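Presented below is the structure to which this report refers.
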Amino acid sequence: MPPAISVTDLSKTYASGFQALTGINLEVKAGEIFALLGPNGAGKTTLISVICGLVNPTSGVVLVDGHDNIRDYRAARARIGLVPQELTNEAFETVWNSVSFSRGLFGKAPDPAHIERVLRSLALWEKRNNRLITLSGGMKRRVLIAKALSHEPTILFLDEPTAGVDVELRREMWEVVRGLRESGVTIILTTHYIEEAEEMADRIGVIQRGEIILVENKQTLMQSLGRKQLTLELLEPLVSLPNALSDYPLTLSDDGQALVYRYDTQQEHTGITGMLEELRKAGIQFKDLHTEQSSLEDIFVNLVRENP
Amino acid sequence: MNLRGMAAIYRSEMARTRRTLLQSIVSPVLSTSLYFVVFGSAIGSRITEVAGISYGAFIVPGLIMLMLLTQSVSNASFGIFFPRFSGSIYELLSAPVSYMEIVMGYVGAAASKSILLGLIILGTAGLFVPLQIAHPFWMLLFLVLTAFTFSLLGFIIGIWAEGFDRLQLVPLLVITPLTFLGGTFYSIDMLPPFWQGVTLLNPVVYLVSGFRWSFYGVGDVSLAASLAVVVAFLAVSLAVVSWIFRSGYRLKP
């Protein structure tokens, strides 16, 4: 089975001379949820636009399920559903007509039952006869998703899918996306809600200044780049750290009530056992302890900072 | 061939026509009727026959052409400009439809509407003046060719235009003057010799002349010249459209 998306040496320089993408190589496996993270202007939307045929690449090759997206554009594009970032639509059309139009445009025979399923799954069924211009922002976003799903794509691009969507609805949309993945649809999403990537993605790619700086399984990424900290809440406040503990990366909180121990989960020896042994020897007792793991957001911020 | 895709575009454009029935059908019919009342009946009754035809009947083909040209251009240009303006063109460009299918969908719908309009105006004209159509086949051929050609021109303008003002510019500054000076209301042999020569540079003269010939068997220029100009115009428009899509001009950065 070929990868859902395979991008080789892709570069894009706009007519203005702005180089939006530089030598992108990327593979998205069939059936996974791939999250593309990057700061504003990093090239996320340009990359999606090139894959979907909205922007001409300067050089490089894009294969969609093994089909060249330029030479064999019909086969490539028929597999893709695209949900753009901007809320764009035909304003005066009704939800039903707009979604049915998309299905026809992609060359599929009319299937009212499928359109109904899609509209119901996105809580749009009640609004099917409303004109798009009368809908709220969150509903317009869902109409765009419905349009993308109308032609039963096997690969779905979601460019900032939950921007401007309230928290409850966002959770519902995640459920829809998970449901799609279960039915075998490959999903590529860009997001600036890192929580979203953390929640949804199987793999994560980070793009920075038009270059992919990292592609990794989410679990591996969070383990390998994640830092942990152990906080010990002391029974008796300390004025200073005992000398025996000075070799450990320990810090004493300002009020002397807590000790914070930072360690890297990548290391084989985290030194926790030794540190606790020394604490016991020094007669320091603690009433509680907890650990915190850095979130994907921290990892992302660090990565982007390290690759200026 | 993605026939379903093409049909989807065509149908959605025709649905737009139905939504805006008043401006797209009723208003051109109304304004043409006014032309008949003013030029045909009021002024026309003071004008003797032109080329052996009553003045009211003489202007019918020209008026239909006037509406055909302006409506084809404005309808087709708006049809493709609006998705560009609203951003919904992303869907068209990411769909498995070929450029020709996109053009056929949009231009076909715009031309269908113009042809329909032309026939309605023809029917309306029949209420005001006695009509005769000497060559119905040629009449339809000119109607269809002109509608397609100028819908293509409109499509090009809709892609070129960067704002609503530009969208109006060509119909207002080019099409309308050329039509008025193209023998809509007069036969060009009524002009002084110098202006006759200048008028022959106006392509609309050939369209109006050919169309009028199909009604009354008389024209300012030969049928062959009329047909050649329409076909040449069509070929140039097709070449420009195919260049637009190959280069991605204003569509694909």
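Backbone N, Cα and C define each Cβ position, glycine as well.
Automatic prediction, not curation, is the source of TrEMBL annotations.
Look at TrEMBL and you will find B:19-248 tagged as domain 'ABC transmembrane type-2'. The transmembrane segment annotation in TrEMBL covers B:21-44, B:50-69, B:115-133, B:140-161, B:167-186, B:198-215, B:221-245.
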Contact between the transmembrane segment (B:50-69) and the transmembrane segment (B:221-245) (3 or more Cβ pairs under 8 Å, separation 6+): no
Tertiary contacts of the transmembrane segment (B:21-44) (same chain, 6+ residues out, Cβ under 8 Å): 54-56, 59, 63-64, 67, 71, 75, 113, 116-117, 120-121, 124-125, 128-129, 185
Intrachain neighbours beyond the transmembrane segment (B:221-245), with Cβ under 8 angstroms and 6 or more residues off its ends: 99, 102-103, 138, 142, 145-146, 148-149, 152-153, 155-156, 159, 200, 203, 205-207, 209-211, 213, 251
